[in-house]
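Per TrEMBL, the features are as follows:
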DOMAIN    6-209  domain 'Phosphoribosyltransferase'
BINDING   Arg78, Arg103, Asp130, Pro131, Met132, Leu133, Ala134, Thr135, Gly136, Gly137, Thr138, Asp202  5-phospho-alpha-D-ribose 1-diphosphate binding site
BINDING   Ile196, Gly201, Asp202, Ala203  uracil binding site
Amino acid sequence: MELHIADHPLIAHKLTVLRDERTDPGRFRGLTEELVALLAYEATRNIRVVDKEINTPVCPMTGTKLSSPRPVVVPILRAGLGMLDGMLKMLPTAEVGFLGLVRDEETLEAHAYANRLPSDLRDRQVFVIDPMLATGGTLAMAIDFLLERGVSDVTAICLVSAPEGVRHIEERYEGIANVTVHTAALDEKLNEKGYIVPGLGDAGDRMYGVV
Ligand code: URA
(Lines of atoms letter the chains of each structure in order from A and count residues from 1; the text may use other names and numbers.)
(Lines give C-alpha, C1' and ligand atoms only; values in the text may rest on other atoms or scores of the structure.)
Protein backbone atom coordinates (compact mmCIF):
# COMPACT_ATOMS: atom_id res chain seq x y z
CA MET A 1 0.00 0.00 0.00
CA GLU A 2 1.19 3.49 -0.80
CA LEU A 3 0.42 6.21 1.73
CA HIS A 4 0.57 9.90 0.79
CA ILE A 5 0.20 12.42 3.58
CA ALA A 6 -0.41 15.91 2.24
CA ASP A 7 2.26 18.39 3.15
CA HIS A 8 0.86 21.77 2.19
CA PRO A 9 0.14 24.81 4.38
CA LEU A 10 -3.20 25.49 2.69
CA ILE A 11 -4.39 21.96 3.41
CA ALA A 12 -3.14 22.22 7.01
CA HIS A 13 -4.98 25.53 7.45
CA LYS A 14 -8.27 24.29 6.03
CA LEU A 15 -8.06 21.05 7.99
CA THR A 16 -7.54 22.97 11.23
CA VAL A 17 -10.72 24.98 10.64
CA LEU A 18 -12.53 21.74 9.78
CA ARG A 19 -11.39 20.08 13.00
CA ASP A 20 -12.47 23.06 15.17
CA GLU A 21 -15.65 22.15 17.04
CA ARG A 22 -17.01 25.66 16.43
CA THR A 23 -17.10 25.18 12.65
CA ASP A 24 -20.74 24.94 11.58
CA PRO A 25 -22.09 22.36 9.08
CA GLY A 26 -22.26 24.80 6.16
CA ARG A 27 -18.63 25.85 6.53
CA PHE A 28 -17.67 22.23 7.23
CA ARG A 29 -19.19 21.09 3.93
CA GLY A 30 -17.53 23.94 2.02
CA LEU A 31 -14.11 23.19 3.48
CA THR A 32 -14.53 19.47 2.81
CA GLU A 33 -15.16 20.24 -0.84
CA GLU A 34 -12.07 22.47 -1.03
CA LEU A 35 -9.87 19.92 0.73
CA VAL A 36 -10.99 17.10 -1.55
CA ALA A 37 -10.20 19.18 -4.62
CA LEU A 38 -6.70 19.85 -3.27
CA LEU A 39 -6.13 16.17 -2.39
CA ALA A 40 -7.51 15.06 -5.76
CA TYR A 41 -4.81 17.07 -7.50
CA GLU A 42 -2.14 14.71 -6.14
CA ALA A 43 -4.33 11.60 -6.07
CA THR A 44 -4.95 11.84 -9.81
CA ARG A 45 -1.30 12.23 -10.70
CA ASN A 46 -1.29 8.78 -12.36
CA ILE A 47 -4.65 9.11 -14.06
CA ARG A 48 -4.58 7.66 -17.56
CA VAL A 49 -4.44 10.10 -20.44
CA VAL A 50 -4.04 9.98 -24.22
CA ASP A 51 -2.91 12.49 -26.81
CA LYS A 52 -5.53 14.74 -28.36
CA GLU A 53 -5.06 16.71 -31.57
CA ILE A 54 -6.55 20.19 -31.44
CA ASN A 55 -6.20 23.52 -33.22
CA THR A 56 -5.49 26.56 -31.12
CA PRO A 57 -6.31 29.91 -32.76
CA VAL A 58 -2.61 29.96 -33.74
CA CYS A 59 -1.73 26.43 -34.93
CA PRO A 60 -2.45 22.71 -34.56
CA MET A 61 -1.03 20.99 -31.49
CA THR A 62 -1.07 17.71 -29.63
CA GLY A 63 -2.72 18.10 -26.24
CA THR A 64 -3.89 15.65 -23.58
CA LYS A 65 -7.23 14.21 -22.58
CA LEU A 66 -8.40 11.65 -20.06
CA SER A 67 -8.50 8.21 -21.61
CA SER A 68 -11.52 5.90 -21.89
CA PRO A 69 -13.03 4.22 -19.99
CA ARG A 70 -13.76 7.08 -17.64
CA PRO A 71 -12.48 6.97 -14.07
CA VAL A 72 -14.97 5.95 -11.39
CA VAL A 73 -15.55 7.82 -8.15
CA VAL A 74 -17.14 5.91 -5.27
CA PRO A 75 -18.29 7.90 -2.25
CA ILE A 76 -18.96 5.83 0.86
CA LEU A 77 -22.28 7.01 2.22
CA ARG A 78 -23.05 8.93 4.29
CA ALA A 79 -20.01 11.14 4.91
CA GLY A 80 -18.30 10.39 1.59
CA LEU A 81 -21.18 12.16 -0.13
CA GLY A 82 -19.84 15.42 1.26
CA MET A 83 -16.64 14.84 -0.73
CA LEU A 84 -18.33 14.11 -4.05
CA ASP A 85 -18.79 17.65 -5.35
CA GLY A 86 -15.12 18.51 -4.74
CA MET A 87 -14.05 15.36 -6.54
CA LEU A 88 -16.38 15.94 -9.49
CA LYS A 89 -15.11 19.50 -9.86
CA MET A 90 -11.73 17.95 -10.63
CA LEU A 91 -13.11 15.00 -12.63
CA PRO A 92 -16.39 16.18 -14.15
CA THR A 93 -16.55 13.26 -16.59
CA ALA A 94 -16.10 10.55 -13.96
CA GLU A 95 -18.73 7.89 -13.49
CA VAL A 96 -20.08 7.66 -9.95
CA GLY A 97 -20.88 4.47 -8.02
CA PHE A 98 -22.32 4.49 -4.51
CA LEU A 99 -21.65 2.32 -1.48
CA GLY A 100 -23.70 2.72 1.66
CA LEU A 101 -21.70 1.33 4.56
CA VAL A 102 -22.38 1.91 8.22
CA ARG A 103 -20.21 1.13 11.20
CA ASP A 104 -21.75 -0.67 14.16
CA GLU A 105 -20.81 1.64 17.03
CA GLU A 106 -20.49 -1.32 19.46
CA THR A 107 -18.43 -3.78 17.42
CA LEU A 108 -16.96 -1.16 15.00
CA GLU A 109 -17.73 -3.66 12.18
CA ALA A 110 -18.91 -2.26 8.83
CA HIS A 111 -22.25 -3.35 7.26
CA ALA A 112 -23.40 -2.63 3.72
CA TYR A 113 -26.91 -1.20 3.20
CA ALA A 114 -26.53 0.04 -0.39
CA ASN A 115 -24.42 -1.05 -3.33
CA ARG A 116 -24.77 0.78 -6.64
CA LEU A 117 -21.54 -0.01 -8.45
CA PRO A 118 -21.10 -0.70 -12.17
CA SER A 119 -21.04 -4.54 -12.44
CA ASP A 120 -17.84 -4.66 -14.50
CA LEU A 121 -15.02 -2.50 -13.25
CA ARG A 122 -12.12 -4.24 -15.00
CA ASP A 123 -9.44 -1.77 -16.14
CA ARG A 124 -11.20 1.12 -14.45
CA GLN A 125 -9.34 3.59 -12.28
CA VAL A 126 -11.36 3.88 -9.10
CA PHE A 127 -11.25 6.63 -6.47
CA VAL A 128 -12.96 5.84 -3.17
CA ILE A 129 -13.83 8.87 -1.08
CA ASP A 130 -14.43 8.61 2.65
CA PRO A 131 -13.40 11.38 5.06
CA MET A 132 -12.26 9.21 7.98
CA LEU A 133 -9.94 6.19 7.77
CA ALA A 134 -10.42 4.96 11.34
CA THR A 135 -10.27 1.17 11.92
CA GLY A 136 -10.05 0.59 8.16
CA GLY A 137 -13.04 -1.81 8.30
CA THR A 138 -15.27 0.35 6.09
CA LEU A 139 -12.58 1.06 3.52
CA ALA A 140 -11.64 -2.64 3.43
CA MET A 141 -15.26 -3.60 2.76
CA ALA A 142 -15.43 -1.03 -0.05
CA ILE A 143 -12.18 -2.30 -1.56
CA ASP A 144 -13.44 -5.90 -1.36
CA PHE A 145 -16.59 -4.96 -3.32
CA LEU A 146 -14.40 -3.31 -5.95
CA LEU A 147 -11.99 -6.25 -6.22
CA GLU A 148 -14.98 -8.58 -6.75
CA ARG A 149 -15.83 -6.49 -9.81
CA GLY A 150 -12.39 -6.77 -11.31
CA VAL A 151 -10.68 -3.62 -10.08
CA SER A 152 -6.96 -4.13 -9.61
CA ASP A 153 -5.94 -0.80 -8.19
CA VAL A 154 -7.80 1.53 -5.91
CA THR A 155 -7.01 5.04 -4.72
CA ALA A 156 -8.67 6.13 -1.49
CA ILE A 157 -8.93 9.81 -0.58
CA CYS A 158 -9.47 10.47 3.13
CA LEU A 159 -9.33 13.69 5.09
CA VAL A 160 -8.05 12.23 8.37
CA SER A 161 -6.51 8.80 8.94
CA ALA A 162 -5.53 6.79 12.00
CA PRO A 163 -2.39 4.62 12.10
CA GLU A 164 -4.59 1.61 13.02
CA GLY A 165 -6.64 1.97 9.83
CA VAL A 166 -3.60 2.49 7.64
CA ARG A 167 -2.01 -0.65 9.13
CA HIS A 168 -5.19 -2.65 8.57
CA ILE A 169 -5.34 -1.73 4.86
CA GLU A 170 -1.60 -2.25 4.44
CA GLU A 171 -1.70 -5.77 5.93
CA ARG A 172 -4.94 -6.87 4.28
CA TYR A 173 -3.99 -6.02 0.69
CA GLU A 174 -0.29 -6.78 0.79
CA GLY A 175 0.38 -8.80 -2.38
CA ILE A 176 -3.34 -8.78 -3.31
CA ALA A 177 -4.12 -5.38 -4.80
CA ASN A 178 -2.54 -2.01 -5.42
CA VAL A 179 -4.06 0.33 -2.89
CA THR A 180 -3.00 3.95 -2.53
CA VAL A 181 -4.26 6.20 0.25
CA HIS A 182 -4.10 9.98 0.05
CA THR A 183 -4.87 11.72 3.31
CA ALA A 184 -4.68 15.29 4.55
CA ALA A 185 -3.40 14.09 7.95
CA LEU A 186 -2.25 10.99 9.79
CA ASP A 187 -3.47 11.44 13.36
CA GLU A 188 -2.29 9.93 16.63
CA LYS A 189 -4.62 7.01 17.39
CA LEU A 190 -8.17 5.74 17.81
CA ASN A 191 -9.93 6.17 21.15
CA GLU A 192 -11.94 3.44 22.91
CA LYS A 193 -15.03 4.37 20.86
CA GLY A 194 -13.20 4.08 17.56
CA TYR A 195 -12.96 7.83 16.99
CA ILE A 196 -9.80 9.29 15.54
CA VAL A 197 -7.77 11.39 18.03
CA PRO A 198 -7.55 14.35 17.69
CA GLY A 199 -9.71 13.85 14.58
CA LEU A 200 -12.74 15.99 13.94
CA GLY A 201 -15.55 13.99 15.54
CA ASP A 202 -18.22 12.23 13.50
CA ALA A 203 -17.74 13.53 9.97
CA GLY A 204 -21.30 12.63 8.86
CA ASP A 205 -22.85 14.34 11.87
CA ARG A 206 -20.73 17.42 11.35
CA MET A 207 -21.79 17.66 7.70
CA TYR A 208 -25.43 16.74 7.96
CA GLY A 209 -26.41 16.75 11.65
CA VAL A 210 -26.86 13.93 14.17
CA VAL A 211 -29.16 11.05 13.13
N1 URA B 1 -15.83 8.08 11.67
C2 URA B 1 -15.93 9.39 11.93
O3 URA B 1 -16.80 10.07 11.39
N4 URA B 1 -15.05 9.93 12.82
C5 URA B 1 -14.09 9.21 13.44
O6 URA B 1 -13.32 9.77 14.20
C7 URA B 1 -14.00 7.83 13.12
C8 URA B 1 -14.87 7.29 12.24
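For all residues, glycine too, the Cβ spot is worked out from N, Cα and C.
Where the annotation comes from TrEMBL, it is an automatic prediction and has not been curated.
Checking the binding-site residues Arg78, Met132, Ala203 against ligand 1 with a 6 Å cutoff on the Cβ atom leaves Met132, Ala203, in sequence order.
Checking Cα-Cα distances from Ala203 (uracil binding site) against the binding-site residues (Arg78, Met132, Ala134, Gly136, Thr138) with a 10 Å cut-off leaves Arg78, Met132, in sequence order.
Counting only same-chain residues six or more apart in sequence, the Cβ atoms lying under 8 angstroms from the Cβ of Arg78 (5-phospho-alpha-D-ribose 1-diphosphate binding site) belong to Gly100, Val102, Gly204, Met207, Tyr208. A 10 Å cutoff on Cβ-Cβ distances gives Asp130 (5-phospho-alpha-D-ribose 1-diphosphate binding site) a total of 23 other Cβ atoms nearby, all chains included. Between the CA atoms of Met132 (5-phospho-alpha-D-ribose 1-diphosphate binding site) and Gly201 (uracil binding site) there is a gap of 10 Å, rounded to the nearest whole number.
In the shown protein chains, 26 other C-beta atoms lie within 10 A of the C-beta of Thr138 (5-phospho-alpha-D-ribose 1-diphosphate binding site). Excluding Ile196, Gly201, Asp202, Ala203, which define the uracil site, the same chain contributes Pro131, Met132, Val160, Tyr195, Gly199, Leu200, Gly204, Asp205, Arg206 within 8 Å (Cβ to the Cβ centroid), listed in sequence order. In sequence order, Arg103, Leu108, Ala162, Glu164, Gly165, Leu190, Gly194, Tyr195, Ile196 constitute the residues six or more apart from Ala134 (5-phospho-alpha-D-ribose 1-diphosphate binding site) in its chain with CB-CB distances below 8 Å. Here the binding residues for 5-phospho-alpha-D-ribose 1-diphosphate are Arg78, Arg103, Asp130, Pro131, Met132, Leu133, Ala134, Thr135, Gly136, Gly137, Thr138, Asp202. Their largest Cα to Cα distance works out to 17 Å.
Within 10 Å of the C-beta atom of Asp202 (uracil binding site) sit 16 other C-beta atoms, taking all shown protein chains into account. Taking only the Cα positions, the spacing between Gly201 (uracil binding site) and Gly136 (5-phospho-alpha-D-ribose 1-diphosphate binding site) is 16 angstrom. Secondary structure from DSSP puts Asp202 (uracil binding site) in coil.
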